[in-house]
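Read through the structure below, which is laid out as structure tokens, and then see the notes.
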Amino acid sequence: MSATARKSAPLPEDIRARKGGVPLVSLTAYTTPMAQAMDAHCDVVLVGDSVGMVLHGLPSTLGVTLEMMILHGRAVKRGLSKAMMVVDMPFGSYEESPQQAFRNAARVMAETGAAAVKLEGGVTMQETIRFLVQRGIPVMGHVGLTPQSINTLGGYKVQGRGAAADALIADARAVSEAGAFAVVLEKVPAALADRVTADLPIPTIGIGASAGCDGQILVVDDMLGAFTAFKPKFVKRYAALGHQAEAAIEEYAAEVRAREFPGEEHLFAEEAPEKKT
Ligand code: KIV
């Protein structure tokens, strides 16, 4: 069913059932107005830890806290009625143990109203994903380029090339076997993304992966051209909001300095105008 025709948000099981069907549409969101703009068009809205870079000016996602994710999750939830909301678990909130992951994921679910959490990692996170799913927390996996691990991966490199393909396939299988309802594949060769998509029983959601994935996700500020510090190759800009915002602000500044703003129509008379009956 298209997001527009839907009356209520899908559940993780509905997303899982979309394997091999019409591609799933997903974007990140961090605020109520942006969530409202995408609610009728997206199946899944991810409150991504990319919020740290695109809204808070952090150099990576590593400085994002659980409190930040909860604050933005609550804001996004207020803007959604048709799309399913997933909230990212930030760096340091789940890697230590399945128990730590459960404690923090349960807080995210209870305080934001999310339908599921997303966490990064394959084989090493299998036990944690299973622990969460068995205790009522739906999990979306994330393998390939996992930005929370840039310091051990050596930067934002394409993952799974050449001999590394087998490890990536093992990661994706581990996530699926642990009970995740979908998995994000980030920055992997297209042919490998197609292999993983054919291999897994759960939907793959690509970002820098392949049009053959079961769905696609982008960071909303990237695709709207609102985040302009850099543009990954896999991003298509559908608008240039950053440039439009700067041009509008430049015009406002010029009008203020020239005393052209505010105009007559923006001012209030001393006497209140008579009410029309
Ligand atoms: O944080 C994020 O925005 C993400 C997407 C890029 C998948 O994890």
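Including glycine, each Cβ sits where the backbone N, Cα and C put it.
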Of Asp14, Asp39, Asp88, residue recorded by TrEMBL at the 3-methyl-2-oxobutanoate site of Asp49, Ser50, Lys118: Asp88
Ser50 (3-methyl-2-oxobutanoate binding site) versus Asp88 (Mg(2+) binding site) - Cα distance in angstrom: 9
Spatial neighbours of Glu120 (Mg(2+) binding site) that are distant in sequence (at least 6 apart) but have CB under 8 A: His142, Val143, Thr146, Pro147, Gln148, Ser149
Collapsed DSSP category at Glu186 (active site, proton acceptor): strand
Alpha-carbon spacing, Asp49 (Mg(2+) binding site) to Lys118 (3-methyl-2-oxobutanoate binding site), which is rounded to whole Å: 10
Count of other CB atoms lying within 10 Å of the CB belonging to Asp49 (Mg(2+) binding site): 28
